[in-house]
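Feature list (source: Swiss-Prot):
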- 1-26: signal peptide (SIGNAL)
- 48-135: domain 'Cystatin' (DOMAIN)
- 48: site 'Reactive site' (SITE)
- 91-95: motif 'Secondary area of contact' (MOTIF)
């Protein structure tokens, strides 16, 4: 009987621990804004949080940013030209969501756009989720 009582207590403690841990992560997630790095109560990054990548020269990331511009041009019947990848953040989901800030050329003018690309490399899948100009008033 004692063995079952100990097993029951251990199971109860595991349930309580699993209930307490997600709420600490959810609190840390709510504390940060979209696009900011979020930290859990133990100081580590929140799982599923948006994190800076910091390697704008990575060929794979540049290719994904070019893909975003090409897909936008197809959907919007536009003629934007990719210039450079300015910054990139990532979020691990069912695959990876990349948040790009991209410099493009529209005629003679250079402009900044934000793009969100969802990639699942094991399925050879990538999809442009969002493509919009950077709000100039937000940078002022």
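Going from the start of the chain as shown, residues are counted 1 onward.
Quick reminder: no glycine exception, Cβ is built from N, Cα and C everywhere.
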Local Cβ density at residue 48 (site 'Reactive site') - other Cβ atoms counted within 10 Å: 13
Helix-strand-coil residue split for the motif 'Secondary area of contact' (91-95), DSSP-based: 0 helix, 4 strand, 1 coil
PLDDT averaged over every residue in the motif 'Secondary area of contact' (91-95): 93
